[in-house]
2 protein chains.
Amino acid sequence: MLRTHTAGSLRAEHIGQTVTLTGWVDRRRDHGGVAFIDLRDASGIAQVVIRDEAVAHPLRSEFVLKVTGEVGRRPAGNENPNLPTGEIELVATDVEVLNESAPLPFQVSGGEGADPIGEEVRLKHRYLDLRRQGPANAIRLRSQVYKAIRDVLHGREFVEVETPTLTRSTPEGARDFLVPARLHPGSWYALPQSPQLFKQLLMVGGVEKYFQIARCYRDEDFRADRQPEFTQLDIEMSFVEQEDVIEMMEDVITAMWKTIDVDVKTPLPRITYADAMAKYGSDKPDLRFGLELVEATEYFADTPFRVFQSEYVGAVLMPGGASQPRKTLDAWQEWAKQRGARGLAYVLFNEDGTLGGPVAKNLSETEQAGLMELVGAKPGDCAFFAAGDTKASRALLGAARVEIGKRLGLLDPDTFAFTWVVDAPMFEPASDAVASGDVAVGAGAWTAVHHAFTGPKPEFEDTFDTDPGSALAYAYDIVCNGSELGGGSIRIHREDIQKRVFKIMGIDEEQAQEKFGFLLDAFKFGAPPHGGIALGMDRVLQHLTKTESIREVIAFPKSGGGFDPLTEAPAPITPQQRAEAGVDAEPEAVEA
Amino acid sequence: MLRTHTAGSLRAEHIGQTVTLTGWVDRRRDHGGVAFIDLRDASGIAQVVIRDEAVAHPLRSEFVLKVTGEVGRRPAGNENPNLPTGEIELVATDVEVLNESAPLPFQVSGGEGADPIGEEVRLKHRYLDLRRQGPANAIRLRSQVYKAIRDVLHGREFVEVETPTLTRSTPEGARDFLVPARLHPGSWYALPQSPQLFKQLLMVGGVEKYFQIARCYRDEDFRADRQPEFTQLDIEMSFVEQEDVIEMMEDVITAMWKTIDVDVKTPLPRITYADAMAKYGSDKPDLRFGLELVEATEYFADTPFRVFQSEYVGAVLMPGGASQPRKTLDAWQEWAKQRGARGLAYVLFNEDGTLGGPVAKNLSETEQAGLMELVGAKPGDCAFFAAGDTKASRALLGAARVEIGKRLGLLDPDTFAFTWVVDAPMFEPASDAVASGDVAVGAGAWTAVHHAFTGPKPEFEDTFDTDPGSALAYAYDIVCNGSELGGGSIRIHREDIQKRVFKIMGIDEEQAQEKFGFLLDAFKFGAPPHGGIALGMDRVLQHLTKTESIREVIAFPKSGGGFDPLTEAPAPITPQQRAEAGVDAEPEAVEA
């Protein structure tokens, strides 16, 4: 080793010892011809005192030094109680510059308080960005979280298995990344969207308890906060029921949050999909605050107000919202329109007991009189209303509820409100899936809400294909603070049931055989009952680090559009690479 | 859970308890109207007794059962001491068929003693193959080995970091797998051949101790025993010297071999590259046996035998080899010719003290007289000779040595002879690299023996570019039983040295900037001294499981040519997929 100690480990007990440190010049102060250098390594910071001006002169920020000297006590009054090494300093007798640094594109030292830096320049110089406290902590935390996960799962006798990443198109519905196969010109591998089929094959193979922290790939339009490659904690178990998967996963979640010293109380709450939609207008409700949606369809059954003569009428309360200026209330209309709604009706409950806003006067006197009690309002509150199609109206109110929570400061970043969402429908109309931006797999009128391998709850095993709209899936999603961390299901393990599901989804036998014939084949040979779950690790880490983007928890993230400002990938290839890869070859005729 | 106990966990202490097991029908015997079923799950096997013929009748191999019954003691004389559960049996009161199985393509039960099965059919039905004892053990062992590695490295405060797999072409020299970037039509990602550049960037980023069990990709011609994707234990450390990396890795190796109850004695032996070539004709010597090459160039300095008037003459002994029949000795000639040699000279030391074989009579009397002593032979031995170019001759003798070891049964699979090979040359003539099937990176007369980022040993820092043929690399390979498990080096961390290395290799500034400009850029900003190592995990597992192919230690391996008989990947893509992926787009002009 080039050093005898790490910088952050020095304490008063080392006083009098001669030590050698290595690290980076974090900051430097000069005082009376003496240079005081904060020397930083991965463990922390130690103050180095250099009395020789000639030695100290060339040292600039982020130079790499090897410093030998004696550990001394800082002069009285110069201690730094904010620094674990704040009692001591290293009085340098020998300073070697291991490497120099050019002037920096942005400041490395200074932790969270430093000037905000543009993301593009941070990513281009990610190797400097990672020296900063926030990013450095984030990637270290990921490592600790992975360790915590593995400790739990190895303790439960899970087997970590690597599944292939050069494989066949998977049926998740998103676009695959493709890889030309040079030795099979005209044929392509696909990068996996998840190890779903392989983990099910491992169950057929008798592995019984599988996990993997797996790299997955989806070629999506990188809206918002997606990465082309992401990491998933992937788990599958045989001979289990929903309770077993949930119990195991709660153990994992507890261990993960323990890494940030948060005690998660288990068992975690559960909510049915139907309740989540009714009360929160979302299948991933943020339970850090209340403000449940109020269903008012009954209440307005005989309303004179045409807008409320609808399939559904509902409301959400904004405490104190009556004092919003007109401009703000207008902005809510804009907000709603951007979500595809015509607007967002509202009623103000004035302090004097009167009702304000354009809607109130359209209501009957009885309706007006009972309104405050209906929505649970106090004077000074505001209630937003949506009416029309149940699903769309609830979604709008659910979004309004979260927006209210944000404006009222109810989204406490230090609170973690988990819930399992269970009993989701097995199928949804394919038209709904397409309308909400998902991909409908298959050509049928119905598509799977989870995926095609999710089993029906046992009580729907006989009827899920004759009454697909009523069937509930044997599935469970885990939600934290309004974001979905992951989900899973008890799978179909019988070939006959799998075929019936494909049929409902309009996947014909030929397609089924073509896409995942190998799974159907495997089901012929004694597939055990099995189920599992997958967690999006980037999302989990984002919660644990309380950062705003998943890019903050990835060592080398892509920016928008899947571009890497650091390596400048992707890049053009040479004609020779193209020719060798066989990109332009016709597929070989399939041998009979 | 569908079960109360695992099958393999039942013992005499459970006698009298009512339990429920789940698992597969491993074997069935019928005796006096009673069916005895070996029920198998991941934990082992338990004997189930079914007295109801109607229940037992339909049960066939690999049916999945749920069996409830009372644990009883097996009748005296019927115990099976070979089975951990051999004292007990489960007398079934309730048998539920969880799934059926079609007739099997090959037998699952029976462990190692079962009939050999063709690899193609095993891989096509890998989900059945994995139920067999050997394959099941192999993938479980991999999980344990990964745990052992992580325990060591987390204990040493290493940080596990995931590096990107959609990235830019890496400079390892092999062909990249390519991925079209839909959002950047005409541009492509490359799958990484290793995380080399990223791990160096992590060191620049101050991570100091990095590891990853990383998926890597090489689009090679799948000769022999290669897979298009493979797994590498990838490690990098800052502020270290060679000793530190070696010490850490010996700790990892010890922990890995501990999983198969083998105690590895450390420190492991070391041999210089020069010694390895001189004594074993290989940079990955098999040290399970001796039979070192004997250099005889001096001895034959004045030989009348033209063939031995060469740059190099050497020999390797085959104890007892004098009794090889003529046909076998002729076969050795064929063996040598297949390696590109003209033949393999030999001398037989007959029991009567005379010399046999066609070479002896060409030697001078003095040469003949001293020959036995020279090569250390006893009567009855045979010595093989090679003469000519030093490198080629040693390689031939080295291969002959291993072949002799194999024929004499010296390659004990239960012995693990490790060695570090150190002090390899930094460069080799590019023509040599090409001749030996490697790729010469760059257009220069010299190419790196390890790779372009390997530093010179400190004593060659000033001279490696003026005298490249003499410079030694600061590199180390770890070898076990004649196969290279991995290797690493202390890297270049200074931009000026890196540029000098590129220059020697004929990589001009433009190419360097184009390919890894981001690494050179990073080196401008205080890169610390660093070094690391990578281990081929598939190879390591092959040693630990003592299997003949790396395919045995991979959950879902590809067969020859990178084809997966199970999923039938790769496969043709649709015109729509092709169009969407932007495969045929011209690259966009680079913005100024």
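Every residue gets a Cβ built from N, Cα and C, even glycine.
TrEMBL entries are annotated by machine, without manual review.
What TrEMBL records for A:His31 (among others) is site 'Important for tRNA non-discrimination'. Non-local contacts of A:His31 (site 'Important for tRNA non-discrimination') by the CB criterion (under 8 A, 6+ apart in sequence, same chain) are absent.
Same-chain residues at least 6 positions away in sequence with a Cβ under 8 Å from that of A:Gly77 (site 'Important for tRNA non-discrimination') are not found in this chain. According to DSSP, A:Gly77 (site 'Important for tRNA non-discrimination') is assigned to coil rather than to any helix or strand. Marked as site 'Important for tRNA non-discrimination' by TrEMBL: A:Gly77 (among others).
Residues or ranges marked as domain 'Aminoacyl-transfer RNA synthetases class-II family profile' in TrEMBL: A:139-565. Mean pLDDT for the domain 'Aminoacyl-transfer RNA synthetases class-II family profile' (A:139-565) in this predicted model: 94.
Across the range of the region 'Aspartate' (A:196-199), the DSSP-based residue counts are 4 helix, 0 strand, 0 coil. Here TrEMBL flags A:196-199 as region 'Aspartate'.
What TrEMBL records for A:Arg218, A:Asp219, A:Glu220, A:Gln227, A:Glu484, A:Gly536, A:Met537, A:Asp538, A:Arg539 is ATP binding site. Within 10 Å of the C-beta atom of A:Glu484 (ATP binding site) sit 16 other C-beta atoms, taking all shown protein chains into account.
The region 'Disordered' annotation in TrEMBL covers A:561-592. Residues 120, 123-127, 180-182, 184-187, 222, 227-228 of the same chain lie 6 or more positions beyond the ends of the region 'Disordered' (A:561-592) yet place their CB under 8 Å from a CB of it.
Residue counts for the region 'Disordered' (A:561-592) under DSSP, helix first, then strand, then coil, are 9 helix, 3 strand, 20 coil. Classification of A:Met537 (ATP binding site) by DSSP places it within a helix. In this entry, A:Arg218, A:Asp219, A:Glu220, A:Gln227, A:Glu484, A:Gly536, A:Met537, A:Asp538, A:Arg539 make up the residues listed for ATP, with the farthest two CA atoms of the set 20 Å from each other. The DSSP secondary structure for A:Glu220 (ATP binding site) is coil.
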